[in-house]
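Pulled from TrEMBL, these are the listed features:
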DOMAIN    52-398  domain 'Kinesin motor'
BINDING   Gly141, Gln142, Thr143, Gly144, Ser145, Gly146, Lys147, Thr148  ATP binding site
REGION    615-644  region 'Disordered'
COMPBIAS  627-638  compositional bias 'Polar residues'
Amino acid sequence: MSYELFLDDTEGNENEDDYPEQANKVIDLRFLSGGSRSIVNCCTDSWLHCQHTFELSRVRPLNDKEHKSNDHMVVQFPGSGQILCDGIPGGPSGGQKPKLFGYNVVFEPGASQDDVLQYSGIKRIIEMAIEGFSCTAFCYGQTGSGKTHTLTGPPDLFYGRKPDPSDSRHGLVFRAFLYLFQLLQERKDTNFILKASFLEIYNEKVIDLLNSGSARKPLAVRWSKKSRGFFVENLFTVDCEELDDLLAVLEEGMRNRSVGSHRMNDYSSRSHTILSVHITSEQQAENGVFISKQGKINFVDLAGSEMTKKTNSEGKTLEEANNINKSLMVLGYCIASLSDSKKRNGHIPYRDSKLTKLLADSLAGNGVTLMIACVSPAKSNISETLNTLRYAARAKKIRTKPIIVMDPREALILSLKREIKSLQLENDHLKSALNLHTEIFESNALDIQDRKVIPPAPQVDLEKMSELEVAEIIELVKLYVKENEALRSENTELFNTRDMILRDQEVVCRENERLLKKLEEVNFVCCRSPIIPARPAFSSEMLNMSTGSDLDSNIWTNPLNVSSDNVHKADVLDGRVSSNENRIPDTIQKELDRRRIGDSITSIANSLRRNNSWDNQPIITRKRTPKGSNDSKTSSPNLVDMIS
Ligand SMILES: Nc1ncnc2c1ncn2[C@@H]1O[C@H](COP(=O)(O)OP(=O)(O)OP(=O)(O)O)[C@@H](O)[C@H]1O
């Protein structure tokens, strides 16, 4: 038999870019389901980790009516997530060729409700919702194809009595709730707050299914600037502390939803329903910070598209059918645009229906979406089946950007990053201020060895944060905290070094003051001597007024020891008293020589110098003045002053 592979109109071979290489392993889950019949088959074992929009298909068994009318199956299951559908017969060329469609998972007519729970990936979706992702599971397809059966089980499960939890007909929602509570109970370290809402879109009106008191008053759909998404105003949300609360929400909504009867389905859903569970988790991190995440899971049961001729709809049912078809058509446009790489960045007509407004985020926003295309295997429905399968293959190409809504954690990482940056800047500044770069990091090799070298935490693009596992994020936060601590201790060390140097400087200043005082005392003694003239008292401020270098200005130099090269400097120093009287009259100089004053003062200065720590500075150069040399005779105009 020859068949053609279904090619999408907008892009090339549908298998081309959908599965990354490592995910191409094909497994057949029929062995896992334990039967010899083909029941569930899927494309790859790791597909759920590689995509964000997942396309599944469920084919219901032929129903009694179809059996009675000798209708027959037009779909086959070659395995590996494929469905082979006969072409539409007739036409001048004798009919279309069979078409092959590929999905992530295909549930064959024999698949049970539990198979759908186990192999649809819904378990992983629930885990992701707990982790803070916004997730959606929705069923679509022709009327009577099994959407409600797949999601909730037959509606009569909920009519007039409390549903039996062990009933095998329970659908994906009921089973998912059991699994959700099982997971929540295992996570003892986290607090969870669950809130649920249930609405239907009936004839383009949003009705709250949990608030029966509102007498089916339509609610408004508004745009939220804050969350940048549409929301339903005044929608009732129920706190669900126990599993029973959540199951009660399901039962109440199922009882209140609009159901009608037509030729193709006795319990036909006449509206689209959205059951949402908001999961807020709060977990204490290591450093006392609370990490809170807001995940969500939507279960969407779309009303079935119908050919009104086939369903014999008239009056109210016809109006319902028109509205259903209209909103599904808008959904179709949105999916077609989103799956087309050329159109996905352009205008998407979400605003054209309430359904697409409320599904906008699930279709192409920041969520993870599971789409289950439900089809009938009967020859009588072949054109609708082909339509749904084509639609589904297209929807598989939609790309979303899932993110975890977890402000505090992100804020923590961001603030740690910022703090590290500012600490690094502060460190660099301190190092350069203290000029310790070379001293500490180059000359002292031992110190470097002793220093704890903390490798910098890896840089992570915030956009890619959502792709990280929780464990990886925790590890990343730990690395940032570690790097932060290392920088803090390095910073403290630098501050200590700076304080130590400031203290040393203070000690040196005090010593300087003490020496100056001593010098003044010496001068005082000299003043009282009739022969030795007193040196004018000078303070450190006066020294700083010196025209010499800064360093020189802090050193007291015996003017009588200044060499001839430095005569000018010495003159200027002494010139603080009188710069005009640099020259010593010859007669006085002779008298000074005679009395050998120069030597006396030199010895006083030498005794002082032994106590002066600054004299150890290598920059200071002194020329020893030979006894009675002429150089000594040229100095000290202040002496002259005093004598004269
Ligand atoms: N996989 C299945 N196995 C057994 N019975 C099924 C299966 N799928 C659907 N059915 C039966 O087919 C009938 C129609 O299913 P259902 O009401 O779920 O269709 P639907 O797609 O929700 O239709 P509508 O769009 O009109 O609401 C029901 O009686 C249901 O029990």
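From the backbone N, Cα and C atoms, a Cβ is placed for every residue, glycine too.
Note that the structure is a prediction, hence the values are computed from the model and not measured.
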Mean pLDDT for the domain 'Kinesin motor' (52-398), rounded to an integer?
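So the average pLDDT across the domain 'Kinesin motor' (52-398) works out to 84.
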List the residues in the vicinity of the ATP site, defined as same-chain residues other than Gly141, Gln142, Thr143, Gly144, Ser145, Gly146, Lys147, Thr148 with C-beta within 8 angstroms of the site's C-beta centre.
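Filtered neighbour residues, in order: Arg60, Cys139, His149, Asn265, Gly304, Cys374, Ser376.
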What number of additional C-beta atoms lies within 10 angstroms of the C-beta atom of Gly141 (ATP binding site)?
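Other Cβ atoms within 10 Å of Gly141 (ATP binding site): 29.
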Could you find out if DSSP has Thr148 (ATP binding site) as helix, strand or coil?
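In the DSSP reduction, Thr148 (ATP binding site) maps to helix.
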Per DSSP, to which secondary structure element type does Thr143 (ATP binding site) belong, with helix, strand and coil as the options?
coil
When the number of other CB atoms within 10 A of each residue's CB is tallied over all shown chains, which of the binding-site residues Gly144, Gly146 has the maximum?
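Sorting the candidates by Cβ neighbours within 10 Å, the top entry is Gly144.
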Near Gln142 (ATP binding site), how many other Cβ atoms are within 10 Å of its Cβ?
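Step by step: centre on the Cβ of Gln142 (ATP binding site), count other Cβ atoms within 10 Å, giving 24.
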So how many other Cβ atoms are close to Ser145 (ATP binding site), meaning within 10 Å of its Cβ?
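A 10 Å sphere around the Cβ of Ser145 (ATP binding site) contains 28 other Cβ atoms.
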Which residues in the same chain, at least 6 apart in sequence, have a Cβ under 8 Å from the Cβ of Thr148 (ATP binding site)?
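Looking at Cβ-Cβ distances below 8 Å from Thr148 (ATP binding site), excluding near sequence neighbours, one finds Cys139, Pro154, Pro155, Gly171, Tyr267, Ser269, Asp301.
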